[in-house]
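For reference, the structure is listed below as structure tokens.
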Amino acid sequence: MELEDSLFPLLREVNIGIDAYEVFQDAEWALLIGAKPRGPGIERADLLDINGQIFAEQGKALNAVASPNVKVMVVGNPCNTNALICLKNAPKIPAKNFHALTRLDENRAKCQLALKAGVFYDKVSNVTIWGNHSTTQVPDFLNAKIDGMPVKEVIKDDKWLEHEFTEKVQKRGGALIQKWGRSSAASTAVSIVDAIKSLVTPTPEGDWFSSGVYTSGNPYGIAEDIVFSMPCRSKGDGDYELVKEIQFDDYLRSRIAKTEAELLAEKRCVAHLTGEGIAYCDLPEDTMLPGEM
């Protein structure tokens, strides 16, 4: 009712259903937003299994009835591994078409850099979130820019960048829950819109955006066959390419390796849902997902 009453210029009709094979019929875009939140006493491995089953079924439905070139944005946590499960259950759809939402993390990083530098957020560009949508995610300040200048030339405080900035972005979802008792809603919705806009409008010259995408063939040496947030550019046709002109230093490499290890462990944990055998859970630590209770 609120969607209808808002008079959005692109909204033509709202249909509600519970059968994925009906809802996804001929869909060209699918936003998979819902997932079970973690309650008291639920281990992360259990959450991966519970939510993974949801996304396995949605993948099968998309594979059966959606447009063969459907673009899929997974928001429900743990979104990277849920996106992997979904794409593994949809072999007819190109793996490249699946995204895990890390745009909210990118927006959070831009906000913190802008506040520190005393500028408005539109002066901040080239921000990448690497890896998992969890507290191992890596907000990249090495390649980011403020008003066209490298962040490290504007904010000459490595200790703040490596610790306070990084941790604030990683834990922003949890801080928001502590503040008002529930997960982010408005900012998540805005970030979903931002993520879709980035795929249907050409990326500004020299800039890029973050999205959790399939790693096979990536130019960064990141493990193949996982969904990992990386810097992307689009021509505005719904497709994207990975950005090649990226700098790395030892700090960035070591942080990327940690989030990569976590995603590989999550992948082993859901092997029974991706058709890759018996699941084996050896999660390195319980990194609370941003937005989890």
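Using N, Cα and C of the backbone, Cβ positions are placed for all residues, glycine too.
Heads up, TrEMBL stuff is auto-annotated, nobody curated it.
Taken from TrEMBL, the feature active site, proton acceptor applies to H133. The substrate binding site feature in TrEMBL is assigned to R38, R44, N77, R108. According to TrEMBL, the NAD(+) binding site annotation covers N51, V75, G76, N77. Here TrEMBL flags 1-99 as domain 'Lactate/malate dehydrogenase N-terminal'. The domain 'Lactate/malate dehydrogenase C-terminal' annotation in TrEMBL covers 102-272.
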_the residue listed as 'active site, proton acceptor': tally of other CB atoms within 10 A of its CB_ = 29
*With the residue listed as 'active site, proton acceptor' as the reference Cα, tell me which of the binding-site residues R38, N51, V75, R108 is the closest one.*
V75
_Can you tell me which of the binding-site residues R38, R44, R108 is spatially closest to G76 (NAD(+) binding site)? Compare CA atoms only._
R38
*Rounded inter-Cα distance in Å - N77 (substrate binding site), N51 (NAD(+) binding site)*: 8
*Mind computing the max CA-CA distance among R38, R44, N77, R108, which the record assigns to substrate binding, rounded to whole Å?*
24
*Enumerate the residues of the same chain, N51, V75, G76, N77 excluded, that satisfy the criterion Cβ within 8 A of the mean position of the Cβ atoms of the recorded NAD(+) site; list them in sequence order.*
L32, I33, G34, A35, F55, V74, P78, C79, N82
*Would you count the other CB atoms within 10 A of the CB of N77 (substrate binding site), including those on all shown protein chains?*
25
